[in-house]
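TrEMBL annotations:
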{"type": "BINDING", "residues": "12-17, ASP37, ARG42, 93-97, 134-135, GLU168, 279-282, ARG349", "note": "NAD(+) binding site"}
{"type": "BINDING", "residues": "164-168, 223-227, ARG263, 270-276, 341-342, ARG445", "note": "substrate binding site"}
{"type": "ACT_SITE", "residues": "CYS279", "note": "active site, nucleophile"}
{"type": "DOMAIN", "residues": "335-450", "note": "domain 'UDP-glucose/GDP-mannose dehydrogenase C-terminal'"}
Amino acid sequence: MGKDIKNICCIGAGYVGGPTMAVIALKNPQIQVNIVDINEQRITDWNDTDLDKLPIYEPGLKEVVEETRNKNLFFSTDVDTAIDNADMIFISVNTPTKTYGKGKGQAADLKYIELCARQIARVSKTDKIVVEKSTLPVRTAEALQGILSSTGNGVKFEILSNPEFLAEGTAIDDLLIPDRVLIGGNNTVSGKEAKNALSSIYEAWIPKERVLQTNVWSSELSKLTANAFLAQRISSINAMSVLCEETEADVDEIARAIGMDSRIGPKFLKSSVGFGGSCFQKDVLNLVYIAKSYGLDEVAEYWDQVIKLNDYQKRRFADKIIKESYNTVSGKKIAFFGWAFKKDTNDTRESAAIYVADHLLDEQADIIVYDPKVSEERIYADLEYLNTHSSEEIRNRVKVVSSHSEAVNNAHAIAILTEWDEFKAYNWKEIYSKVLKPANVFDGRNILDKEKLVNVGFNVYNIGK
Ligand SMILES: NC(=O)C1=CN([C@@H]2O[C@H](COP(=O)(O)OP(=O)(O)OC[C@H]3O[C@@H](n4cnc5c(N)ncnc54)[C@H](O)[C@@H]3O)[C@@H](O)[C@H]2O)C=CC1
Ligand SMILES: O=C(O)[C@H]1O[C@H](OP(=O)(O)OP(=O)(O)OC[C@H]2O[C@@H](n3ccc(=O)[nH]c3=O)[C@H](O)[C@@H]2O)[C@H](O)[C@@H](O)[C@@H]1O
């Protein structure tokens, strides 16, 4: 298997495949990078000459795409040709929680991964390095090897695990200056050669000492471990937020105090309405499932608590809105500032806003949503996907508007669901003049200047204060 990689194929043009490959192409102009996907619309959008129409919003992404697209970065639906031409194939397809059968609601659904493996096995005529970029259960490489090595056509595949640690909203910066890159593979001669080949692609812009090589199982399990630890930190600080609300302690002050302990560190201690995003819940649930499948019930229960606490935090926020609205929100207008699961992304997967809205809909609230980057249809689709309220009811009760000032007209309450910077800069005096009184703001992200808002006349409810 040659060290010199000239042609890369990435299967899956999503939040990971798109930005990751764009940066690899940018830093390795000698390599042709083909990103392929079965979703035709997505590929059309990636190829749109209007760079504001790219399917993913990430600060800095369009500049990288502009510099590389149609030079050494190509987007296409022709999966077979891209596989055939590639020396190295990244699999970056989705691995959602299973919604059916064994492991439903917990295990990762690996059907898309398996389809990719079968397609690679069927199409390949030359030896290839196959890279797991998707987040996968530990020992998936074994299954891939099983599929790829049973073609009988003499083609050799070396499987690597190279999990991605980027966070949405900062994907380009995370890719340009990663804390580390992790490459797992076999410790055979060809395995080491493959790891070095992948390492050299990253070494085009990342210091060699930050590219870590491990065995394939450690690499697969490190990714689940990293997400579980990160999610656990949020659930830990959110657990303290509940206690703060009972005791007049302030969760932000606690975060600062403990974060200065260098053993704990200051990051990922922001208490919130609950974590969202496509991965934390999915990956922790997957870890719970894996632990259970090895009969490790105590381990499974330990990690399951991270999810339970997060569900509790979302529910608690909705309950607080109801309680402070004289115990009923029926027919009342609740203005939502933000729908995305965090700022600087248009991604709404598992966003806390969806669950808070759903709970308020149970209580017949009217919800007016403003988010700077999320479309009306996305918001309806998120609520419809839950299958708890009819499409008709959702469209009657939930309105999506294109400015914050439209959202607040005659609102009974304002709820901050996403920490978009622009919310802090609004003219809160003007907002006060438009809402019904008493004027209640529920700051689910602790981003607003409480003193200023109280001086304007608002009642401000925080998390953990
Ligand atoms: N979203 C994120 O920030 C991160 C995600 N990950 C992991 O990366 C993986 C991908 O995640 P996303 O990019 O967010 O998913 P995504 O859903 O945005 O993209 C996956 C793409 O794969 C395509 N696809 C599925 N099966 C295919 C097939 N057989 N052939 C061609 N294309 C196919 C889908 O059409 C879709 O466009 C997941 O395992 C996720 O856990 C890891 C780190 C960060
Ligand atoms: O595997 C993945 O998909 C990725 O998951 C997360 O990235 P992401 O979900 O994009 O964004 P985060 O910044 O981690 O935020 C996740 C959620 O936690 C919330 N959060 C984050 C930090 C914090 O202190 N408090 C808090 O409530 C955010 O608002 C958001 O809803 C990890 O940070 C990435 O390293 C990982 O690659």
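If you go along the chain as it appears here, the first residue is 1 and each next one adds 1.
Placement of Cβ uses the backbone N, Cα and C atoms for every residue, glycine included.
Recorded features from TrEMBL, shown on the structure.
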| residue | record | contacts (Cβ under 8 Å, 6+ apart) |
| --- | --- | --- |
| TYR15 | NAD(+) binding site | ILE56, GLU168, ALA171, SER278, ASP347 |
| ASN94 | NAD(+) binding site | GLY12, GLY14, TYR112, SER134, SER278 |
| THR97 | NAD(+) binding site | GLY105, GLN106, ALA107, ALA108, ASP109, GLN281, LYS282, LEU285, ASN286 |
| ALA167 | substrate binding site | ASP174 |
| ASN227 | substrate binding site | THR135, CYS279, PHE280, ASP283, VAL284 |
| SER271 | substrate binding site | ILE234, ILE237, ASN238, MET240, SER241, VAL251, ASP252, ALA255, ASN446, ILE463, GLY464 |
| GLY274 | substrate binding site | ASN238, ASN310, ASP311, GLN313, LYS314, PHE317, ALA352, TYR355 |
| PHE341 | substrate binding site | GLU168, PHE275, GLY276, GLY277, ASP347, THR348, ARG349, GLU350, SER351, ALA352, ALA353, THR418 |
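Reduced to three states, the DSSP call for GLN281 (NAD(+) binding site) is helix.
Mapped onto DSSP helix, strand and coil, the domain 'UDP-glucose/GDP-mannose dehydrogenase C-terminal' (335-450) counts 46 helix, 19 strand, 51 coil. Among the binding-site residues THR97, LEU224, ASN227, GLY274, GLN281, PHE341, no residue is identified whose Cβ is positioned under 6 Å from ligand 1. Candidate recorded positions: ALA167, GLU168, ASN227, SER271, CYS279. Those with a Cβ under 6 Å from ligand 2, in sequence order, are ALA167, GLU168, ASN227, CYS279. All protein chains considered, the CB of LEU224 (substrate binding site) has 23 other CB atoms within 10 Å. According to DSSP, THR97 (NAD(+) binding site) sits within a strand segment.
Taking the domain 'UDP-glucose/GDP-mannose dehydrogenase C-terminal' (335-450) as a whole, pLDDT averages 98 in the prediction. Sequence-distant neighbours of GLU164 (substrate binding site): residues of the same chain at least 6 apart with a C-beta under 8 Å from its C-beta are VAL16, THR20, SER92, LYS133, THR135, LYS223.
When the alpha carbons of LEU224 (substrate binding site) and ASP37 (NAD(+) binding site) are compared, the span between them is 25 angstrom.
Counting every protein chain shown, the number of other Cβ atoms lying within 10 Å of the Cβ of CYS279 (active site, nucleophile) is 25. Cβ neighbour count within 10 Å across all protein chains ranks GLY12 highest among the binding-site residues GLY12, GLU168. The DSSP secondary structure for ASN227 (substrate binding site) is helix.
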